[in-house]
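Visitor: I'd like to ask you about the structure that follows.
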Amino acid sequence: MQVFEKNSTIFKLLSDAVSEGIIVVNEKQQIVAANMWANDMFGYDDEELVGQPLQILIPQTYRKAHQEHIQSYYQKHEKRRMALGRSLFGLRKNQEQFPLEVGLNPFSLYGNTYTMALVIDITEREKIVENQKMITAALDAALNGITITDALQPDHPIIYANAAFERITGYPTEETLGRNCRFLQGQDNNQEGVKKMWNAIEMGISCRVQLRNYKKDGTLFWNEVSISPILDGTGKTTHFVGIQNPITDRLLAEQEIGHLASIFDESLNEIYVYDAESLLFVNVNHGAQKYTGYTLAECKKLTPLDLKPEFTETSFRKLIAPLLDGTKEKIDFETVQRRKNGTTYPVEVHLQSSRVNDRQMIIAIILDISDRKNYTQKLEKTVEHRTKQLEKALETEKELNELKTKFLSLVSHEFKTPLSGILTSATLVGKYKKEDQQEKRDKHLNTIIGGVHHLTHILDDFLSMERMEKGKEVYRYSKFSLSKLVNEVVYNANMMLKSGQHISYPQNIDDVSIYQDEKIADLMLTNLLNNAVKYSPEDSQIDLKVDIMMDKIIFQIKDLGIGIPKKDQKYIFDRYFRAENVLTTQGTGIGLNIVKAHVENLGGKICFKSTEHKGSTFTVELPLER
Ligand code: ADP
C-alpha cells in the first residue's frame, strides 16, 4: 500500500486521465488505489476507498460468489474480463446497486501482487439494451408488418422483419432477411404503387401506396405499404422503415359500400333520407333529383312537405309517428308528388326509419305510378265502354224479341183481313163460270192480287226492319232507271186504290237514271204511296212529284186525306205509333219508322206537312252521286 501512497500523485494523474474507473487491490483484497472515476461511480470521496476491503463495493448477495471467483482467478492469474456473459453488479456507498463491467489486470510490483480492475458503469448501456429489447418486442407485437431495409447496401436488403410480417406474408424471417422487398410482388410488378414507391425511395422521402402482394402460398392480398427514411446525423438516408397493412378485407368492404352507394344513387326510384326531427332532407338520390327537378343542394333546404301538397306538417308528423315510436316498421301510402315546376304526379311512398350515429332518419322510397294509374283508368274506361256496348246489345236483343212478339200479334191480326178477302174472292171466282162473267172474275182476281201485295208489303217492312236492327243491312248502290221504278211502285199502288182514287205521277223522268239504292227507294215510295191511298177517301187525287237536282233528288207525295192530328205529329216516326184517327184502318206503325231510318242512313231526310181533314204531304230528299 505504501508503494501506492508513495506514488499516489503519479497514479492519480495517470489514472484520472483514463475515462474508466480504476481500482487496484492487493492480494488481501484490500483497495490500495481508486481513481476519480471509480470514486464517482461508487459515490465515495477522494481517498475514502483506500484501505477498504473490496467487498464494500460488492452487493451482499454476490459477495460469496465473488470470493470463489477470486480464488480461481489467482490460481490462473491472467488478464481477463470478469464475468463474461453474466451480469455483474456494484454497490454504491448509498447502497444502490448498479450494473458494471470489470476487466482484471494482474501485475506485480516490488514483490507484491496486485490486481488492477478497470470498472465501467454500464447502467446507461444496459438501459439502451433494455430499450432496444423493448422496441423489438413492441415491433414484434405490432399487428402491422414492419421491415427495415438497409439503404446503404446495394439493392436495399431487408435487415429486420417483425413477427407480423411473417404472419401476413407467410415467409419465415430467415427467408426474408437479405432480400429486397420486391419478392412480395411476384411477377406482378408493373403497378402504379410500385413505381410511386421506388420514386420515393430514390428521393429519400416517405410515401404510402396500395400494392397487390402475394403470400408465400401465392394468395393475392392488398397491402397498404408506408415507407419512411431514417437519416443519419449528416442527413443521409441509411435505412427505410416499411409498415405493411393488409387491407384486402377493408378494400372489399369499401367496394361493397361503394356498390351499395351506387345502387342508391342509380336507382330509378326516388330515394330520400331525411331527419326525423327537422324533416330536412339529408340525402336524395339521382332519381329523386331527376324526377323532381331539384338539385341535391336545393333538396337539403327542403322537407317532404315541400313535395307533398296533400299533407300539412301536423298530418305528416302524425303519419310518421308510429315509425318513430317503433310501433310500425314500415308505412306505405299513395299520394301526389309536386315537382319544382309545380306539376304533380301520382306516387306510391314507402317509409322506413333508420338510425345514423344516434340521429333518427326516415328513408323514403317513392315510385311514380302514373303509368299504373293511367292503365287503371284506361282499363276502367274500356270496361265502361264494353259494358255500354253489352247493354246496348242486350237492349237491341230485347227490342227484337218485343218486335217479334209484336209482329206475331200484328201478323195474326193484319194477315186475317187480307187472307179472308183472298179466300172469299177465290171462292167467288170459282162461281162465275159463264163466259160473260169475266168482269166479275177480274174484280175478284184484283182483290186477290191486292191482298197478296198487301201481305208482301207487311213482310217486306218487317224483314227490312229486322235486318236493320241486326245491323246487317248493307246498302247496295246501282244505276237504275227512275221511270221504271216509279211505274212499278205506282202500278202496285194502283191495285190498292179505292174507287175513284187516282195517282198522278211525273212524266218528266222518262230517260232519267239515278245512282242510288234501288230497293230502299222502292220501299220508301211504296210505303208513302200506300199510306196516301190508305188514309185518303174515295174519289180523291194523289200526287207524286219528283225533282231532280245536281246533287239530290226530291220526292213529294201529296194526298187530300184525313191528315194527322197535331198532337200526334211528333210521334209519327216512332215505331208502332199510329195516330188516333187511323185506329179503324189496318196498319202496323212500322212503315214510316223504317223509311226514316233508311233515308237517314243514306244521307237523306224525310219530313211532312199535314192538316187534319185536309191532307198530308210527305217530302223525301236523297243525295245523288254524280
Ligand atoms: P201504318 O201501318 O199505321 O200506316 P206507318 O208507319 O206507315 O204505319 O204510319 C204511321 C202512322 O202515320 C199511321 O198509323 C198514321 O196515323 C199516320 N200516317 C201516315 N201517313 C199518313 C197519311 N198520308 N195521312 C194520314 N196519316 C198518315
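Keep in mind that glycine also has a Cβ here, set from the backbone N, Cα and C atoms.
Remember, TrEMBL labels are computer predictions, not curated facts.
The feature domain 'PAS' is assigned by TrEMBL to 7-77, 131-180. According to TrEMBL, the domain 'PAC' annotation covers 207-259, 329-381. Sequence annotations record features per position, and here TrEMBL assigns domain 'Histidine kinase' to 410-626.
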Visitor: With the domain 'PAC' (207-259) as the reference, find which of 7-77, 131-180, 410-626 contributes the most Cβ pairs under 8 Å.
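Guide: Result: 131-180.
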Visitor: What counts of helix, strand and coil residues does DSSP assign across the domain 'PAC' (329-381)?
Guide: 12 helix, 32 strand, 9 coil
Visitor: How do the residues of the domain 'PAS' (7-77) split into helix, strand and coil according to DSSP?
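Guide: Counting residues by DSSP class gives 38 helix, 12 strand, 21 coil.
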